Amino acid sequence: MNGNLPHIQIQSPKNSLDHLNNGRQATHNFEHGKPGDREEANGHADAHSSSGRSRYLSSDTNLLRDGSSSLDPLSKHIMKRTRSEKTLSFLNPSRASSNTHLSREGTNRSSNVTRTVSGRKSNHGSSLTDTGESDQLSLKSFGAIRQPSQHRSSLFSRMLGSTSHIFGIREDMDNESSEEERDGIPRVEGNAADPFSWIPDGKNVWDSPPKYIRVLSHNKKEKSLDHLFLAQELYCKPTLAATHDRYYEPRATDFPNLAHESSEPSSSRHTADAQSITNASVHLHNSSSPLNRTPSVISDTLAVAITSNSSSNSSNNAIWAMKFSRDGRYLAVGGQDRILRIWAVLDSEHARSVASETCSSDPNNPKLNLKAPVFSEAPIREYAGHTADILDLSWSRNNFLLSSSMDKTARLWHPVRKDCLCCFEHSDFVTSIAFHPKDDRFFLSGSLDCKLRLWSIKEKAVSFWNELPELITAVAFSPDGGLAIAGTFVGLCLFYDTRGLRFRTQMSIRSSRGKNAKGSKVTGIQTRTQMIDNIAGDTEMLVTTNDSRIRIYNLRDKSLELKFKGHANAQSQNRAYFDDDGNYVICGSEDHQVFIWDLPPQHMHKTKKKKHEHFKASVRPITAAVFAPTKTKQLLTLSGDPVYLAAISARRSSVISNASIETGPSLRNLKSLSHSYLPIEIMKGHIIVCGDLDGRIRVFRQDSVFAARKLIEKKNIERKNSETLSNSSFFPQALKAHMNSISSPKRHFSLRHKKNASQITNNENNGNDDIKKGDEPEEEHVGLRKNSTQEKNANLDPNEALKRADMMMLQEGASSMVYYSLTNLDNPGATVNEAAKTAATIEQNEHEIQTSVDPISNVKAILPNADDVSSKNSSTEDQLECLRCGNSLFNVFSRSFVFEGAKFSIVCSHCNRKLLKSGSDDGSETHEMSTLP
């Protein structure tokens with residue numbers, strides 16, 4: 001069996017412990033291997049296969065420093081190793097048509113330039129072509145991607161014409177035009193949008209509303225991601241010279257391949273044993289290590305490499321990997337500039353105020369304040385430990401971060417530490433990594449040496465490993481961690497038991513027919529467990545490939561459930577991701593767009609009409625796109641985020657006034673918000689983060705309270721029109737007819753009398769029915785309310801009854817396009833003062849209460865009849881409610897006006913508002929509607 005394995009060229013440091021025994025399970029007894037008897041020439045070995053494996057050459061050190069091409073470096077190197085002429089022509093279609101001289105020269109090279117490495121041929125007698133021509137292939141503009149090939153249409157399609165394609169375009173355009181006509185707001189392309197900003201002009205009003213971007217939909221009547229706007233822009237800028245103290249400083253001795261490349265012979269830098277595997281060259285940076293220190297100067301090797309790279313080509317900032325931490329607090333970004341950056345989510349009022357000051361500190365910036373940021377402007381950590389492109393990232397449950405790179409290493413980080421915690425060396429490019437979902441002590445790595453490794457961080461060594469038949473490009477775990485999955489360059493997915501990495505089964509990710517029937521490179525794998533009514537269902541596996549397709553498989557029986565298309569993913573490392581709720585799948589596209597597909601219900605998985613939405617997100621190809629997790633939304637809510645604050649205000653019981661906008665209010669009500677519950681407006685307020693080929697990170701947010709704001713504005717207009725109606729002087733008909741026309745621009749805070757509804761009912765029934773008309777009764781405090789409300793709240797807890805009364809109140813006073821302002825309820829000083837005044841008033845009224853008189857018997861004309869109480873179909877015109885607060889519980893006091901021999905006044909028990917008062921102390925009273933100051 002070992003004779004059929006390919007001879008793999010391994011490059012490793014001189015002192016690395018790469019040699020293992022022949023067994024598949026790794027041990028700690030390492031021995032230095034001896035060079036084999038096979039021939040070597042210029043440090044390269046033959047690559048041959050007898051089992052249909054891909055042909056590839058060993059890594060070249062010069063390829064690590066090649067930053068001139070804008071193409072995904074991993075795809076470029078794999079193409080060079082596999083000698084895929086089809087892929088090379090795919091990258092530059094004009095190479096054979098537009099450039100005649102190059103085509104003619106390429107034809108001549110086909111017979112002359114082909115040569116072997118150091119004048120030798122492979123064992124199969126085929127020649128290995130020169131890499132000089134492929135090295136010169138460079139895409140100046142990655143945006144000029146290959147257009148879809150024009151296939152010859154069939155007879156049936158010629159008879160039908162191209163109506164289906166035309167109808168599809170019309171459908172998208174009609175959806176967009178109807179959306180603009182419906183809300184009357186023009187939209188711009190996402191790649192031309194500016195971040196939403198606010199310029200204060202002294203009145204605290206919005207200078208201009210945010211520009212919603214144009215979102216196109218397919219097979220959808222209503223868009224799920226309408227009213228998107230650009231909220232923030234972040235940049236991966238090379239700031240090593242200015243902030244070198246943020247970087248981890250590796251020494252030159254840590255990289256013997258780069259430091260001693262010119263002094264040592266090439267044969268001394270290679271390992272001859274083809275059956276050995278890189279395992280234990282692990283640098284643990286503990287407290288005693290000299291590397292665990294804050295650098296005073298920048299490493300010369302690293303500084304020169306980064307400075308020369310930045311000066312020679314300023315566009316080498318492409319983003320290849322982007323991941324949110326599991327707790328939603330951090331966003332890690334890595335890419336072509338070799339620097340790992342971590343941004344923090346604004347999770348407190350202080351962090352948001354600091355971010356606002358940072359945004360407004362630039363006098364040359366006309367936009368002084370970004371009002372909807374998600375992250376801090378500057379990254380909290382910038383690590384420069386890697387010496388080549390960063391390809392993949394993985395977060396653990398405890399916020400440990402793993403990064404894999406083309407420098408043949410995987411490194412361990414943590415945001416609270418300024419340096420690298422551990423370095424795990426491999427024999428080839430580490431293309432993908434994944435933390436174990438249940439145990440942070442283990443992680444899975446896949447590399448281009450066709451070996452799948454399960455590492456133990458505690459032991460700093462490989463626990464298990466296995467060899468695959470193809471180049472590994474993606475790895476993942478099952479949700480329970482019992483299954484390890486690896487995707488290959490030819491579209492093969494292999495499944496292994498995590499313990500021991502024993503092979504279980506495999507499946508081919510390819511189309512049944514057409515040009516993609518041979519399989520394409522797997523760029524990403526993600527698994528999740530379906531939740532149906534909070535019950536765990538089947539496990540799904542999301543697979544992204546380079547044939548511009550995204551597939552969802554059932555992990556139990558390996559059956560294909562869904563297949564999405566529409567985006568362009570031919571040569572990039574774009575990966576598709578689920579959102580937290582499992583309702584959408586998101587992926588970036590090489591045509592500068594972001595695509596979002598709807599996940600249909602389980603019983604509709606076989607439907608052919610796949611609904612999706614897409615929008616242009618940048619002027620460059622999108623290389624990574626993710627949804628912000630739900631925990632990120634919770635953190636933003638607690639920090640006083642303006643967008644989510646508006647959603648919270650739309651569900652609050654307080655009445656929003658037309659006061660000025662408070663940019664930093666005291667959010668005591670948001671502090672008590674449960675993390676397990678969020679309003680539906682916040683759940684629909686999606687956040688999309690995408691990165692492009694220029695290193696620009698764009699954050700798009702959804703205005704989730706757009707519909708609620710429009711409804712409130714409409715009700716405000718109706719309320720203002722109702723205020724012009726004249727008030728009648730007759731009671732109680734005036735009270736019933738004009739109760740709904742009472743409105744106040746400001747709510748008066750009061751402590752509500754927390755009496756149980758059942759206790760109030762007993763007091764009403766046990767009163768004295770005999771009232772002497774000649775006596776002058778003391779002021780009485782009784783409950784007057786609708787019996788239907790009494791029956792509704794009779795068995796409720798007082799706090800629950802008050803909460804329901806709050807939910808009945810109507811919100812009013814929209815103040816801006818996107819945001820609302822809080823009332824004085826969010827001002828602790830004003831709240832305490834109002835509460836103290838109201839408490840004193842209630843205490844004074846309670847001293848005047850006497851139980852000798854029952855005014856209820858004298859105002860029986862106002863109360864509903866017993867027949868009305870028992871009737872379920874009572875008229876709504878007889879209901880008494882205070883439209884200021886929506887309360888139906890009133891207090892009746894004496895000595896206010898004369899009615900059937902007694903003087904009374906009706907006051908709302910919730911907002912302490914006097915509804916009626918007498919015009920004189922004698923018997924001639926005038927009933928008029930009035931409000932308390």
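Heads up, the Cβ atoms here are built off N, Cα and C, so glycines get one too.
Record note: of S49, S314, S722, Swiss-Prot gives the feature phosphoserine to S722, with no matching annotation on the rest. Looking at 173-194, 591-612, the stretch flagged in Swiss-Prot as region 'Disordered' turns out to be 173-194.
When the ranges 252-275, 348-371 are checked against Swiss-Prot, the one recorded as region 'Disordered' is 252-275.
Taking all protein chains in view, 14 other C-beta atoms sit within 10 angstroms of the C-beta of S722 (phosphoserine).
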